[in-house]
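What Swiss-Prot says about this one:
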type     : residues                                                         : note
ACT_SITE : H131                                                             : active site, proton donor/acceptor
ACT_SITE : K135                                                             : active site, proton donor
BINDING  : G8, A9, K10, G11, R12, M13, G75, T76, T77, A99, T100, N101, M102 : NAD(+) binding site
BINDING  : H132, G141, T142                                                 : (S)-2,3,4,5-tetrahydrodipicolinate binding site
Amino acid sequence: MIKIGIYGAKGRMGKQIEECLKSETQAQISILYDKGGNLGELFEKSDVIIDFSSPSGTHELLNYARTMPKPLVIGTTGLDEKILHLMQSASEVMPIFYATNMSLGVAVLNYLASKASQMLRNFDIEILEMHHRHKKDAPSGTAMTLAQSVAKARNLELEKVRVSGRDGIIGERSKDEIAVMSLRGGDIVGRHMVGFYEDGEFLELNHTATSRATFAKGAIKIAIWLSKQEAKMYSINDFLGI
């Protein structure tokens, strides 16, 4: 049995992973860690660690991991360039999987959106993400991943073409513009839509998550897989083989 440590155990995702691991046949919980816990114990007792914490928590985890390398599955969103660089550096001595969304369906959505962006070059692109009222960051990490993918498919720099809102008399939409809009309300687990619009027709690719168990089960499958991999950075595409 693979021993999985949950980093950020008191959060919504941490609790969901704990619940899903109770019925898992290939893995079990080694330790539940939250802020103020013993990092040394977390690393000593775990074969692999799943992180759904906060940017500061992930930063602390990566710094400690250099002293005791273990496979890390990181699903924390809102990470800045400094943390992403630290993650890349740490992957030289341990396998690290990073994704803004652990859903296999979202991974396929990202793949299809990239292909559609390439094939429908004259179509306008708009992205909408919807989440529960408690989500702290916007746009979601998944929406930004989707935006990066469709921009890259057209050889565009996302920072130069992204729009995060529209208000007032702003003029016509520019050709390369990629809008990323956020909606917050109720208990929506997660919905992402990538739309491609042209005169006379449009295509909308949608993914809706109805339970956090979707992400938790995905993270557990990835953790089991990652425990057998060599040191490097991995993405959801590596896991799916696409």
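Yeah, the Cβs are placed from backbone N, Cα and C, and that goes for glycine too.
Neighbour counts were taken as the number of other C-beta atoms within 10 angstroms of each residue's C-beta; across the binding-site residues G8, G75, G141, the minimum falls on G141. Counting only same-chain residues at least 6 apart in sequence, those with a Cβ under 8 Å from the Cβ of M102 (NAD(+) binding site) are G75, T214, F215, A216, G218, A219, I222, I236. Apart from H132, G141, T142, the residues listed for (S)-2,3,4,5-tetrahydrodipicolinate, the same chain places the Cβ atoms of T77, T100, N101, E129, H131, K135, D137, S140, A143, G190 within 8 Å of the centroid of those Cβ atoms.
Among the recorded positions listed (H131, H132, K135, T142), K135 has its Cα nearest to the Cα of G8 (NAD(+) binding site).
Neighbours of T100 (NAD(+) binding site) among the recorded positions H131, H132, K135, G141, defined as a Cα within 10 Å of its Cα, are G141. With the fewest other Cβ atoms inside 10 Å of its Cβ, the least crowded of the recorded positions K10, R12, H131, K135 in this structure is K10. Of the candidate recorded positions, H132, K135, G141, T142, the one lying closest to K10 (NAD(+) binding site) when CA atoms are compared is K135.
The number of other Cβ atoms within 10 Å of the Cβ belonging to H132 ((S)-2,3,4,5-tetrahydrodipicolinate binding site), over all protein chains shown, comes to 13. Minimal Cβ crowding within 10 Å, among the binding-site residues T100, T142, is found at T100. Neighbour list (T77 (NAD(+) binding site), Cβ cut-off 8 Å, at least 6 residues apart, same chain): T100, D137, S140, G141, T142. Note: the CA-CA distance between the residue listed as 'active site, proton donor' and R12 (NAD(+) binding site) rounds to 11 Å.
The CA atom of R12 (NAD(+) binding site) is located 14 Å away from the CA atom of H131 (active site, proton donor/acceptor).
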